[in-house]
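S.K.: Dropping the structure in here first, questions after.
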Amino acid sequence: MDTVSAFKLEVRADKIAVITIDAPGEKMNTLKAEFGNQVRGLIRQVRDDKSVRGVVFISAKTDNFIAGADINMIARCRSAQEAEALARQGQQIMAEIHGLSIPVIAAIHGACLGGGLELALACHGRICSDDEKTRLGLPEVQLGLLPGSGGTQRLPRLIGVSTALDMMLTGRQLRARQALKAGLVDEVVPQAILLQAAVELALKGRPASRDMPVRERVLAGPLGRHLLFHFVGKQTQRKTQGNYPAVKRILQVVENGLAHGCSSGYAEEARAFGELAMTPQSQALRSIFFASTDLKKDRGAEAEPGPLTSIAVLGGGLMGGGIAYVTACKGGLPVRIKDIQPRGINHALKYSWDLLNKQVRQRRLRPSERDRQMAMISGATDYQGFAHRDVVIEAVFEDLALKQRMVSEVEQYCGPQTIFASNTSSLPIGDIAAQARRPGRVIGLHFFSPVEKMPLVEVIPHKGTDPQAIATVVQLAKRQGKTPIVVADKAGFYVNRILAPYINEAMRLLVEGEPVEEIDKALVKFGFPVGPIQLLDEVGIDTGTKIIPVLESAFGERFSSPANIIDAILKDDRKGRKNNRGFYLYETKGRKSKKRPDPAVYPLLGIDRPQSRLSAQQVAERCVMMMLNEAARCFDEQIIRSARDGDIGAVFGIGFPPFLGGPFRYMDTIGAGEVAAILQRLAAQYGPRFTPCDTLLRMAEQGTTFWPADERLT
């Protein structure tokens, strides 16, 4: 049976060949291996028809040009040689497109990423729509890879090496106007005339080569290139701690091509692509990609979600303001904020205004669009306008009686269909619902701070929550741009429960005399974005430690903080960055706030002279092993539904190193037996809190894993 082609050729009356990209049965266009022959066949037809004056590539999809290559192709490769051959095939197809003697133009609307941008780079000209959906980028580094179809060679020659490196090393995506300014596209036009404009560009002949700015010409020369790559190499090493081999290989491949020419660069690119595809880091990063993609299809319960037409938020504080913003500005849903004080409503409105206005200043948003989005948020000090709200998200103080009163009031002023979603971080949802008339409509929806930045939410049904309420809240979280995981209604839920022992162990290391900055450096070296002590400062020491007594009450001694360390810090009015006094001191210089460890912390904790006695590896081992042990307990107690959810929760919720794939994939990689052995060694050295849980001991004995065997390979 023949595969339905994703590429359709039509020659217009003006002799411009339009190749329409439309992957059959797929929402997104992605490049698959079998498309290679289809493209080659069309290129051959164009080449053989001497009357054709130009070619335009355009997508039939409503919101994407080509979103990248199909990652499953890489997962199916069983050796570096197979992956290298895949890259060479991509390079050859792009070379055939670029080799056409007539103008080839890419007409881009929507996502143009990875292999999609590499195809556009192989064209002689690029024109894109001015739509907000239009994004151009090479995000392969986020999968532990590099662009493998010529992108490492074509992009630096088109826009300059420094801008190209920034895009490839970070995966940063450019909007239409940014792409125009960078020289990545030749024109930006309204979507309605995109095809017409691309045809006109093709009829003009090949676009002239862009004059590179003087700075980029200098950086492309031998001396400038040497200085640039030396500087960027040091900078990326500091940021990645050597944990992401793709970063180093991108630098090597780009430099090789600039120094020795395109042919050498293409060969090195394909070889590096093959090597990187087989690294454990890429396999782990791809597993996160597959897991998060899988979660997008997960409804959370065996039920259809209810309607989502309007939402309400109780509380205009930091969390309430952030929740209102993502609901209205990301989710496109009208929001009504209720606060007992007008200043609370004003605070929440200002929160959204400031975020939107920042986008206007950065020219990412038009003032008219800012005003339209702000008009979707309203406020009141009473329940006016609440009657028909589908979901009411509660973001008031962590006080059980107060939250129960909120449930009662919402049931009084809202319809029977309204779902009450509590943004609690510590209180059992079953307790909040205990006095409800409609307990089936009560659920937990735990956001992380700052709401607009943190991608994860925990959805927490209690035993009596309706399946439809679960599905509706999961759908709402997705509308808000979040990745939701459904977790059980037990103390700490999942993320805070695995985070607390990690933080507590860092505090114990501090009490033992390890310097604040050395503890943080050790965990950053391990792969966390920030260390545990800095994390406490960022979240707020008062906020971040509220959960610990709750966990200690529920699970006992293993959650107790050492020697009242937190009490001593809080009594000295140290709340972290929010009052510029925590374990670090913060000085505002220019736009950025610089931090330095505060030596006054040590006497507060009874520490005479802090001194590093342990290696970075030993410090990291103690903190991380406490987290892994607790994660295994959560798995056994079915706090999470699967290893997939546990890995996504840890990576998206607390920054567990993505290149390790999450705590469960990491434990599977090193083996339950090895994890248990390390914990037993630490227990002998430091005490019973490190005793491996029964789950790990059982898995070690049976040789089993958290992830099913067939899912561990992706």
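Cβ atoms here come from the backbone N, Cα and C positions, even for glycine.
Pulled the feature table from Swiss-Prot, pasting it below:
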REGION    1-190  region 'Enoyl-CoA hydratase'
REGION    306-714  region '3-hydroxyacyl-CoA dehydrogenase'
SITE      Glu118  site 'Important for catalytic activity'
SITE      Glu140  site 'Important for catalytic activity'
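Looking at the shown structure, can you explain where the listed features end up?
M.R.: Secondary structure from DSSP puts Glu118 (site 'Important for catalytic activity') in a helix. Long-range Cβ proximity for Glu118 (site 'Important for catalytic activity'), meaning a same-chain Cβ under 8 A and a gap of 6 or more residues, is found for Gly90, Met94, Leu138, Pro147, Ser149, Gly150, Gly151, Arg154.
Counting Cβ atoms from all protein chains shown, Glu140 (site 'Important for catalytic activity') has 26 others lying within 10 Å of its own Cβ.
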S.K.: Over the region '3-hydroxyacyl-CoA dehydrogenase' (306-714), what is the model's average pLDDT?
M.R.: 94
